[in-house]
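Student: Below, the features straight out of TrEMBL:
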REPEAT    4-37  repeat 'TPR'
REPEAT    38-71  repeat 'TPR'
REPEAT    72-105  repeat 'TPR'
REGION    127-168  region 'Disordered'
COMPBIAS  144-155  compositional bias 'Pro residues'
COMPBIAS  156-168  compositional bias 'Basic and acidic residues'
REPEAT    175-208  repeat 'TPR'
REPEAT    250-283  repeat 'TPR'
REPEAT    310-343  repeat 'TPR'
REPEAT    378-411  repeat 'TPR'
DOMAIN    439-478  domain 'STI1'
Amino acid sequence: MDKVNELKEKGNQALSAEKFDEAVAAYTEAIALDDQNHVLYSNRSAAFAKAGKFQEALEDAEKTIQLNPTWPKGYSRKGAAAAGLNDFMKAFEAYNEGLKYDPTNAILLQGRMETTASALSFMQSQGDIPMDVDPQQVRSRRAPSPPPAKPAEPPKPAEPRVEDMTEEQKNKYFARKEKELGNAAYKKKDFETALKHYNAAIEHDPTDITFYNNIAAVHFERKEYEECIKQCEKGIEVGRESRADFKLIAKSFARIGNTYRKLENYKQAKVFYEKAMSEHRTPEIKTSLSEVEAKIKEEERMAYINPEKAEEEKEQGNLFFKKGDYSTAVKHYTEAIKRNPDDPKLYSNRAACYTKLAAFDLGLKDCDTCIKLDEKFIKGYIRKGKILQGMQQQSKAQAAYQKALELDPNNAEAIEGYRQCSMNFQRNPQEVLKNAMSDPEIQQILKDPAMRMILEQMQNDPNAVKEHLQNPAIADKIMKLLESGIIQIH
């Protein structure tokens, strides 16, 4: 049945967007799965009528009535389709038949009135003259006619006679009247009067979920949230028993979700928004669900914060960093950040690990974060400068060191970093390579067969560097080659 509802909703959306062929296709596919569902035939009839295919619309309307003879909408569909075929007598009879089941149905009353007007207009356009027309009027038709007068607005449907109604019809009629009075009072924010009328409506007709939804809306506006939830739950119970439209049940669930959201109980709000979505998906409910999910995530993040635990994880990270186990150190610093996300030192420490692992992009991101948290954190600028040097971005590295020197003009690391960047600007690649090759330590690294094989592998597969950096000894040698300018990682 979920597939049927999904196809029906697809058809409804296509019909609203005036994509009539798509709507017909969706309803047809749904009917293939559930050929006893009168609502599907009714909806497809509407789609056919909108597309101007009135004969097909009429056939679907008649099938709707066959499946549910007491459902007024089936007769309104038949009336509309018959009118489209200019079969005004059949249309008139269909509207009258539907009014036997719901005498106050505005759609049926309006359809009957429009059919009468359309029939007269059609007869006039065809030149048909009623038998009781005065001959003088016939002769006058040959004379030039004056400009047509502006058509008068159609009269409002007459109020049904209460004395002609059954007991059930009377109850529904008076319940509707009470609801209308309640709505008027609600719009004026006269909630006490609105409640009085909505409760009176329930006394007349306790099977209509709408009245319970309206009472819940009043309690919501008055911030009486527990009572609002109770009324929604009662409405859902009544709606299930009376097989109410799933959209109305979804509305009740959504209002419960809104109420829990007002109470800042976001987990319960999520539960009821999801229930509403299972009944009827709307953009509004989907947005509300996304918003409370974000709130829940933020609450969980805040609940996880614990500076003491963060300090313990940082100490563990420092321990593994000293051992040269940078990957494990990263894990501990990451956990420390979750426990205390506003401590810039934690991002700085993790950036140092990423630098050792040549994960320069991640290290640079951490540097930017710690600088954002504390613009006067000198080490953040120095770490950023070192990473940018490793990436051979000398101008950006120099700018980072410059920021550090603005905070502390005597900082030795910043002065040395700035000096190295300035020198590198003045040196060409050949000179850098020549100076590096004169360093005995560099020579020793390059003579190592294992390192030469690793460098060759890195050249063919740049991602291989990550695997080799897991070995602290190899990582130190690669970092030495990076600093000397022998190799570059971008």
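Using N, Cα and C of the backbone, Cβ positions are placed for all residues, glycine too.
Values in this document were obtained by computation on a predicted structure and should not be read as measured data.
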Student: Near the repeat 'TPR' (250-283), which same-chain residues lie under 8 Å Cβ to Cβ, leaving out any that are not at least 6 residues past its ends?
Tutor: 9, 209, 212-213, 216-217, 220, 223, 225, 228-229, 232-233, 235-236, 239, 289, 292-293, 295-296, 299
Student: Counting each residue once, how many in the repeat 'TPR' (250-283) are helix, strand and coil under DSSP?
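Tutor: So the repeat 'TPR' (250-283) is made up of 28 helix, 0 strand, 6 coil.
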Student: Same chain, outside the repeat 'TPR' (310-343) by at least 6, Cβ under 8 Å from its Cβ: which residues?
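Tutor: Hits for the repeat 'TPR' (310-343): 301, 304, 349-350, 352-354, 356-357, 373, 469-470, 472-473, 475-476.
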Student: Reported in the order helix, strand, coil, what are the DSSP residue counts of the repeat 'TPR' (175-208)?
Tutor: 27 helix, 0 strand, 7 coil
